[in-house]
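Chemist: The compositional bias 'Low complexity' annotation in TrEMBL covers 53-65. The compositional bias 'Basic and acidic residues' feature in TrEMBL is assigned to 67-92. If you look up TrEMBL, you'll see 98-231 marked as domain 'C1q'. Taken from TrEMBL, the feature region 'Disordered' applies to 37-95. Per TrEMBL, signal peptide is recorded for 1-22.
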């Protein structure tokens, strides 16, 4: 039965009961009926339709950042990556110097030399790559056609005032070294040359006048080497 019909019948009963009951009975019935109506109304109110939900409030401000946590454990080693592609082939390098073109020498003087107008003989040979410097004659023989570099430094003996030394090429003077200082004093001088030689040509030093100083400190030296081969 609908709630509305239930209430209507109870109200109608309230009007008819006074005619059938006495006053006391009427009051008791009225009290009970009112309680029933109140329960129905309360039940209806509880089971009735609810109103629309209100709007959500504004979001609150973000909280403060929390403290930094402890450092985590070290992770496992990752898988090995794939092998990369081969790079492009590099350019061809310059050829090395073949053994027959490795030519160099250096000689020094450990004793005095005073043989004027003669080839200078050196008492010690520190370097003689290829063995093309003749220790006995003090001459270098070119094994191949090429351009060679020569350098020499001489110390004048203190017993003489001046010294002349000549760089010779196959008997011809290329240039000279001259050193002058009063007696009792030593003096050094040097010179260098770049010569184009043919195979078999000889280069040496010739003493002019004067005398050269020589000792364990090797102040007087003669050196040379091949710069490059020529055809």
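Every residue, even glycine, has its Cβ placed from backbone N, Cα and C.
Annotations in TrEMBL come from automatic prediction, not curation.
Tell me about the setting of these features in this model.
Modeler: Counted with DSSP, the compositional bias 'Basic and acidic residues' (67-92) comes out as 0 helix, 0 strand, 26 coil.
The domain 'C1q' (98-231): residue composition by secondary structure is 3 helix, 74 strand, 57 coil, according to DSSP.
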Chemist: When the compositional bias 'Low complexity' (53-65) is classified with DSSP, how many of its residues are helical, how many are strand and how many are coil?
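Modeler: For that range the per-state counts are 0 helix, 0 strand, 13 coil.
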